[in-house]
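Here the structure comes first, spelled out in structure tokens, and everything after it is commentary.
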């Protein structure tokens, strides 16, 4: 490529929760400020065959599950790893890869590392070492992202020296909005949930979810227990939904009526106002928004106003501020030097975007509606392990939901958006109308053996037991009775989920059950203790009967502790060294005999 031609920068992202998308958008804004032509797209929205003719591309991607690419880059991933692609096919391409990950997971930034290597195999010139941002860092991903982006621009300027002569836009000068709002007078509110009214002809999808009627929403923890956990049942008759044990159900939550009211008040918007959107550049108008749409629907179902805002939120907010005090504070929060201050104000106490707007009233008053979709990300879908089998409960789908609520230094308790929304839905009190939740299903990471005689060992403390309830219902219906479950919770009397079901399965000879109630005695007992105590049984099942071993639950200490306990079993009963035990566990992982599904 000629050093005299200003490049068109292509920024492609693979994002599951919106973090990689936000970082990609930040890079695109930096390009705009430097007056560099830029095109931004999710990886699956880009025609990958055109990659051979690109000259400058940045890939921003996260890693999901057990080293899987995000949903919106899976087609790209499959194409790029075709064995038929010629080795030098990307020899014209200068590129860089930035990964966003969490080092508490075993396959930290696996997708970014693998993508970087594959691009090199295909002949691309990688301008920088792969960036490996870590959410576990005290300052979050930005601790790696900031210096990586600076290094990227330094490299671009060395490749294209003419860009040094271009005067960039000032930081306090707002970029044009991505969309323009056109408010319509005299247009009434439409029915805005674009859901099926007739039975669908195909399986539900993110763009066309199925409105599943909620049949029951029952608390399964004792009333005095600190944690509210719900077993929720949906009717999926005529939905064409199919799922097996280990699969997950997806849904998009909604903001509370109170948050919608407060947001509209702060921005002086009428909830019933009706508008249409038009794009100002190459970005597509979000297909999920009805046309026309009301402000209420936009805020309730699309804008993530209850999330903890990212740094980009403060960068954009700062460009509108005319009040000196607010402008200085927002500029500090936007700067690399101010990240510790920002984390103390926002991330650590989990302050929401809505609360930030209330803290900066002068700047909020200056916000124009046109910038709402630039300022607030879209509400991302949430996933829940399906806790039932169609073989035991035809046309039904169950989920087990812990309602997230906790305190920080802020006055109001922090609440999980999706779990709080689900908990607020009460089918019993809706006399005149049904309560329905738009759903779709996707494959989970857990796979259970098809062989009838092969045993399974499942470790699922707390709500981690949900996929194992589905597995047990499915396996027992298929005559597979070699099942072992380790369940843990705080108290036998307060949060022992599905107790009668487990006892019935045990009585019928379909289940071996081990429990760990951590707070029912002076010394805390956890599932990993029960694993060690039953070393002889587990060694026999794994070494002699080819059993599969599963872990599901919170990603903090439990998965690592159970892994360590299992390796101790191998050492004790199999007379293996620590190194041999580790190799045995890794071999089980490679062959799918050791699987885990954890969440943070």
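Cβ from N, Cα, C; glycine included.
Feature region 'Disordered', per TrEMBL, maps to range 193-212 of the set 153-172, 173-192, 193-212, 213-232. Distance from the CA of residue 350 (FAD binding site) to the CA of residue 527 (NADP(+) binding site) is 31 Å. Its own atom aside, the Cβ of residue 525 (NADP(+) binding site) has 16 Cβ atoms within 10 angstroms in the protein chains shown. The separation of residue 524 (NADP(+) binding site) from residue 417 (FAD binding site), Cα to Cα, is 31 Å.
Mapped onto DSSP helix, strand and coil, the domain 'Flavodoxin-like' (9-153) counts 58 helix, 35 strand, 52 coil. For the pair residue 419 (FAD binding site) and residue 518 (NADP(+) binding site), the Cα-Cα distance reads 25 Å. Around residue 383 (FAD binding site), the same-chain residues six or more apart in sequence whose CB sits under 8 Å from its CB are 248, 249, 250, 442, listed in sequence order.
Binding-site extent for NADP(+): residues 463, 518, 519, 524, 525, 526, 527, 528, maximum pairwise Cα distance 19 Å (rounded to the nearest whole number). Note on proximity: among 15, 18, 65, 102, 105, the binding-site residues of the record, the Cα nearest residue 528 (NADP(+) binding site) is that of 105.
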